[in-house]
Amino acid sequence: MAQAVIGHVNQITGLELRDDPVIMGWELCNECRCRESRGQLQAWVAAMGPYVKGLAPRQLLGSGSEGLYGDDAATANLNPSSWYVHEGVSFLRDEAVASLDFAGYHCHYADWVPDASDDWAFAFVRKFISNHAQHAQLLLGKPLLLAEFSAVGARRQELYQLAMRQVAADEAHAGMHVWQLTLDEAHFCCSAKSIVVGREGDARLVDSLRRHALAMRASATSMPLRAMPPPPPASPPSPPVPLPPPPLRPPAPPPPDKHALASVDASALPHSHPSSSLLLPQASAPPSTRQKHADAAASAMAPVGGGGGGGGTGDGGGGGGSGGSG
């Protein structure tokens with residue numbers, strides 16, 4: 001439903017309502033209540049607020065609440081009567097929802113306490129406006145809008161003047177709307193509370209409203225009403241940090257040189273490779289000094305006339321020669 005209303009095309013201007021500068025903002029619900037509950041209305045505002053704000057991000061968004069106080073402020077006696085703490089409304093909790101551009105409240109004292117005296121009405125209006133201003137500024141940190149105000153009876157002109165003076169003097173308030181400003185031929189509801197343009201008895205009040213609007217526009221102390229953009233969509237999670245590459249393995253040793261292995265002494269190989277000696281060709285060890293002497297002695301004892309004797313040298317050689325002559 002919200003999408004159909006906000007996206008409706010004005011047949012005269014050709015603009016969707018979300019783009020029409022005539023519309024200041026939207027309210028989620030007019031004077032919603034949820035009796036005997038705590039937090040249910042706030043949960044609904046928290047769910048609907050971002051949705052509607054996303055449909056019309058350039059226009060203001062309010063809750064439409066009366067601004068009654070819930071059981072979180074029951075002992076402070078801030079409501080028109082003690083019964084209103086049971087209506088499921090909490091100005092402090094409901095208006096704290098982040099998607100709401102301003103904190104709003106209504107003041108219809110004659111509807112809440114129909115048999116109220118004039119003295120009670122003046123005292124209540126003064127206190128009700130003051131309390132909301134303090135809470136909006138100190139606890140909510142939002143501009144405040146008195147979205148509806150009405151007064152009835154013989155002193156209603158004075159009550160309107162009281163409300164307008166108080167709103168104009170307070171820094172927390174960004175503005176004030178009356179309920180309701182209309183034309184005589186409109187025949188709208190709640191005629192007792194209507195301010196009718198062109199009606200002789202309301203001429204002075206209409207002029208007061210005009211001067212109040214000019215004063216609020218020229219004021220530099222009130223908190224401005226600005227449409228806050230909707231929160232950005234949730235960004236996808238960042239990719240995980242890549243792991244460092246595994247350490248480089250040392251290069252494989254070159255294949256063994258068969259010719260080089262032939263000169264390796266197998267006994268010098270590590271014991272962890274007992275089979276490596278089986279792969280190596282056996283190399284003859286060089287003759288020792290003792291072996292040289294044994295070979296020389298064997299030559300000296302060779303038979304006379306053998307071909308080997310002529311090869312001797314030194315004393316051995318001479319001996320061999322003598323044998324040959326005999």
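Our numbering is plain: 1 for the first residue shown, then up by one each step along the chain.
Note: Cβ is positioned from N, Cα and C throughout, glycine not excepted.
Annotations in TrEMBL come from automatic prediction, not curation.
The feature domain 'Glycoside hydrolase family 5' is assigned by TrEMBL to 3-151. Across the domain 'Glycoside hydrolase family 5' (3-151), the prediction's mean pLDDT works out to 94.
Residues or ranges marked as region 'Disordered' by TrEMBL: 220-326.
The compositional bias 'Pro residues' feature in TrEMBL is assigned to 227-255.
Per TrEMBL, the feature compositional bias 'Low complexity' maps to 266-288.
What TrEMBL lists as compositional bias 'Gly residues' is 304-326.
DSSP labels the residues of the domain 'Glycoside hydrolase family 5' (3-151) in these numbers: 65 helix, 19 strand, 65 coil.
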